[in-house]
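Engineer: Here it is: the structure, laid out below.
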Amino acid sequence: MAEAHQASSLLSSLSSDGAEVELSSSVWQEIYLSALRSWKRNLWRVWNDFLAGVVPATPLSWLFLFSTIQLACLLQLDPSLGLMEKIKELLPDWGGQHHQLQGLLAAAVFASCLWGTLIFTLHVALRLLLSHHGWLLEPHGTMSSPTKTWLALVRIFSGRHPRLFSFQRALPRQPVPGAQETVRKYLESMRPVLRDDAFDSVVALANDFLRLQAPRLQLYLQLKSWCASNYVSDWWEEFVYLRSRGSLVNSTYYMMDFLYVTPTPLQAARAGNAVHTLLLYRHLLNRQEIPPTLLMGMRPLCSAQYERMFNTTRIPGVEKDYLCHLQDSQHVAVFHQGRFFRVGTHSSNGLLSPRALEQQFQYILDDPSPACPLEEHLAALTAAPRSMWAQVRESVKTHAATALETVEGAAFFVSLDSEPAGLTRENPAASLDTYAHTLLTGQGHDRWFDKSFTLIVFSNGKLGLSVEHSWADCPVAGHLWEFTLATECFQLGYATDGHCKGHPDPALPKPQRLQWDLPKQIQPSISLALRGAKTLSGNIDCHVFPFFHFGKSFIKGCHVSSDSFIQLVLQLAHFRDRGQFCLTYESAMTRLFLEGRTETVRSCTREACQFVRAMENKERTDQQCLALFREAVDKHQALLKAAMSGQGIDRHLFALYIMSRLLHMQSPFLTQVQSQQWLLSTSQIPVQQTHLFDVHNYPDYVSSGGGFGPAHDHGYGVSYIFMGENAISFHISSKQSSTETDSHRLGQHIEDALLDVASLFQAGQQFKRQFTGLGESSGWKYSNLSCKTVDPNIPKSSTNL
C-alpha cells in the first residue's frame with residue numbers, strides 16, 4: 001500500500017531457509033527519530049500539565065520556599081514546628097555520614113507539602129472568586145467598586161502568565177437552575193408566539209410536570225451535577241450531535257477568508273503557509289502556550305473544547321457516532337480532482353517549512369493521474385445519513401484499511417478546489433453567495449465531513465474552513481481561524497513572486513497517492529450518497545451581504561449593546577418577512593463553567609414584539625419606539641446574562657428530558673418542549689479574539705465571518721459579524737424548497753430594519769437608503785477587490801508569536 005513511504009528502505013529477499021528481512025540504516029534512523037519525537041512529546045505534555053496544574057505558583061516559587069526553609073535551618077530555626085524531624089524518622093537510616101542528606105530530603109518533602117497546600121488553597125480561593133457572577137448583572141459599560149475589587153483579586157490569584165489549561169481546576173461547575181424558575185421563564189418566552197388556547201394548554205402541561213415529574217427529575221439531575229464535570233454538556237454532545245442520524249452537511253459551519261485581500265494568487269503557496277500555520281497552532285496548543293480566553297479581558301473561559309481540535313475524526317456508528325482523537329499525527333490528507341494524497345508534515349528536523357509544503361501541494365496540483373474507480377466520489381459517503389455510512393464504512397475498512405486510516409488519522413483534511421472563490425469586482429453579491437455555498441456544502445464529494453475541520457484552498461488562493469460541530473463551537477474554531485489568517489499573512493508572509501518564503505527541498509519525498517481497492521458492490525451506495533449530498537447542497541439558499549452604512553462604532557454611540565441592537569433588528573426584519581413572530585434561537589456560550597458549551601437566548605420576547613409592533617404602527621412616534629427599543633434591549637441583556645451565568649432555559653429542560661427518558665418517565669410537557677421548531681436561528685461570530693493585528697490599522701484585512709445552515713425546513717439561519725467599527729456582515733441561509741423563506745428577501749428586510757432602527761437615534765434625521773442590494777454607493781471598496789500578492793514589506797504585528 002501507499003502508506004509505506006519508506007518501502008524503498010525495506011528490502012525483502014527469499015532464501016532456502018525462508019524469508020529474510022534486511023533493515024537499512026535509514027529505517028533504523030527513522031525508528032529512532034520517531035521514538036525520540038514520541039518521548040519528547042510525552043515529556044512536554046507531562047511538563048505542561050504540571051505547569052498548568054500549579055498555577056498561579058511556579059517551580060521557582062517551590063525553590064524559593066525550599067531555600068527559605070534551608071536558611072531557617074542554618075539559623076537553627078524550625079519553621080516546620082517539628083514536622084521535619086518526624087519526616088527524618090520515616091526516612092531510611094543511612095548512617096551518620098548522611099545526616100545532612102536526610103535533612104535536605106526532609107526539608108524538600110516539607111517544602112513540597114507546604115507548597116502543595118498553598119496551591120490547593122489558592123485554587124479553592126480562585127474557584128470561589130470565579131463562582132461570582134454579579135459583575136454580569138451590572139449595567140452595560142459600567143463597573144462598580146466591588147467588581148473592581150473582585151477583578152483585582154482574580155488577577156492576583158491567576159498568576160502572571162497563565163497557560164491554556166491553567167484555570168480548568170478552578171472553574172466552577174455549571175449550576176442546575178430551579179425547576180419552578182425554568183418553567184416560569186419558558187412560559188414567559190412562549191407567550192408572544194402562541195395563541196391563547198395553545199398557551200393555556202402549555203400552561204396546563206407545565207403545571208402537571210411541576211407537580212408530578214419535576215421533583216424526582218430535578219433530584220437526579222442535582223446528583224449528576226455533583227458527580228460529573230458538567231451536568232448537561234456530555235448529553236448535549238451525545239444526543240444532539242453523535243446520535244443524530246442525519247447528514248453532517250446539516251450541522252457543519254464555515255468561515256471565510258479576508259474579504260478584500262488575497263495574500264497570494266498561488267494555490268499551492270497559500271496552502272503551504274496555511275497548513276504550516278495550522279500546525280504551528282497545534283504545536284502551541286500541545287505546549288499549552290496559547291493564552292486562555294478572557295471574557296471582557298478579565299474572566300477566564302473553559303478551554304476543554306481545544307483538546308480535540310486536531311487529529312480528530314467523527315467515526316460513524318449504526319446508532320451513535322463517536323469521536324476518535326489521536327495524540328499526534330504527522331500528516332494531512334489532501335483531496336484534489338477526485339484523488340486522495342498523504343502529505344507528511346514533519347521531517348527529521350521537525351515541522352516542514354511553508355516552502356517545502358508548497359512544493360508538496362504543487363506536486364499534487366501538477367499530477368495528471370486520474371482518479372481510481374470509485375475514488376472520485378467516495379467522500380460523498382461522509383455526507384450520507386450516518387447509519388448508512390456506518391454500514392458502508394465496514395466494507396471500505398475491509399478492502400482499503402490503509403487508505404481509510406490515513407484519512408481518518410490525519411491532523412486535518414485539505415481540499416484543493418479547482419474553482420476560484422471570493423469577492424469579485426464584476427458581481428460582488430453573487431460571488432459572495434457562491435463562496436458561502438461552496439464552503440458550506442462543497443460539491444458533495446470533495447469534503448471529508450467526518451474530520452474535525454477541512455481547510456479549503458481555492459484555485460485563486462482564497463481560503464475557507466469547514467468545521468464539524470460536535471467537538472467544539474464557533475468561538476473555539478474562530479480563534480484557530482483568526483490565528484491562521486493573521487499569522488500566515490502578517491508573520492510568515494510571501495515572496496514578491498507570490499511563493500512562500502524560503503527554498504524548495506529537492507530531497508523531500510513526494511506525496512503518497514492513496515490506493516482505494518474498493519469492491520464494486522459499494523458503487524450503488526456511493527451513487528446514492530452523492531445524489532443525496534447534491535440534493536442537500538442544491539436546496540441551500542445562501543446570501544451574504546456586508547452592510548457599510550454604520551457599524552459597531554455607531555451602535556456604541558447609542559449606548560446600547562451591539563448584540564442586542566442586531567437581535568432586535570432581526571426581529572423587525574423577520575416580522576416584515578413572515579408577518580408573524582416565531583421562536584428565535586440565539587447561541588450564548590456557557591464557558592464560564594467547566595466544560596460549558598452553549599445556552600439558548602430566546603430573543604423573541606414580549607418587549608421585542610411590542611417594539612416591532614410600534615415600528616409598524618405609523619401612529620407611534622420615534623420617541624415612543626425608542627423607549628420600547630430600550631426596554632427590549634434591557635430584556636435581551638438580562639436573558640443573555642442569565643444564559644451565560646447558567647440560569648438559562650433550554651439546556652436545563654433538555655437535561656430534564658434526557659433524564660426522564662433514562663428513567664422511563666413520560667412527560668408530555670418535556671416532549672412538547674423538545675418538539676418545538678426554531679424558525680429563526682441566529683449567532684454572532686466572535687472577532688478579534690487573538691489581537692495579532694489591529695484591524696483598524698489594516699481595514700482591508702477584515703473577514704466577513706462565517707455561517708451555517710437553517711435549523712428548520714421553513715426557517716432561516718442568520719449569523720453576523722462586526723467588521724471593524726463601521727461595517728457589519730450578515731450570512732443568511734434557508735431552503736430553496738420552502739415557499740415561506742427567501743434569503744435575499746430577508747437580507748433586504750434586514751438592511752431596511754437597520755436603517756429604520758438607526759434613524760430613531762438621529763433626532764429626526766432619517767438614514768437615507770443609498771442602494772438596493774450591492775452597488776457602488778454601498779461602500780464597496782472596489783480598489784481592494786483584486787487578488788494581487790500582498791506587499792512583502794507590509795508592517796508586521798507587534799505580537800510575538
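Glycine is treated like the rest: Cβ placed from N, Cα and C.
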Engineer: According to Swiss-Prot, TYR585, SER587 bind (R)-carnitine; which one of THR598, THR605 is annotated to that same site?
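Structural biologist: Looking at THR598, THR605, the one Swiss-Prot places in the (R)-carnitine site next to TYR585, SER587 is THR598.
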Engineer: Which whole-number mean pLDDT does the model give the topological domain 'Cytoplasmic' (1-49)?
Structural biologist: 50
Engineer: Quick one: Cα separation, THR598 ((R)-carnitine binding site) versus HIS469 (active site, proton acceptor), in Å?
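Structural biologist: With distance taken Cα to Cα, HIS469 (active site, proton acceptor) is 12 Å from THR598 ((R)-carnitine binding site).
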Engineer: Cβ within 8 Å of the (R)-carnitine site's Cβ centroid: which residues qualify beyond TYR585, SER587, THR598?
Structural biologist: GLU586, ALA588, GLU599, THR600, VAL601, SER681, SER683
Engineer: Measuring Cα to Cα, how far is TYR585 ((R)-carnitine binding site) from HIS469 (active site, proton acceptor) in Å?
Structural biologist: 17
Engineer: Provide, as an integer number of angstrom, the distance between the C-alpha atoms of HIS469 (active site, proton acceptor) and SER587 ((R)-carnitine binding site).
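Structural biologist: With distance taken Cα to Cα, SER587 ((R)-carnitine binding site) is 13 Å from HIS469 (active site, proton acceptor).
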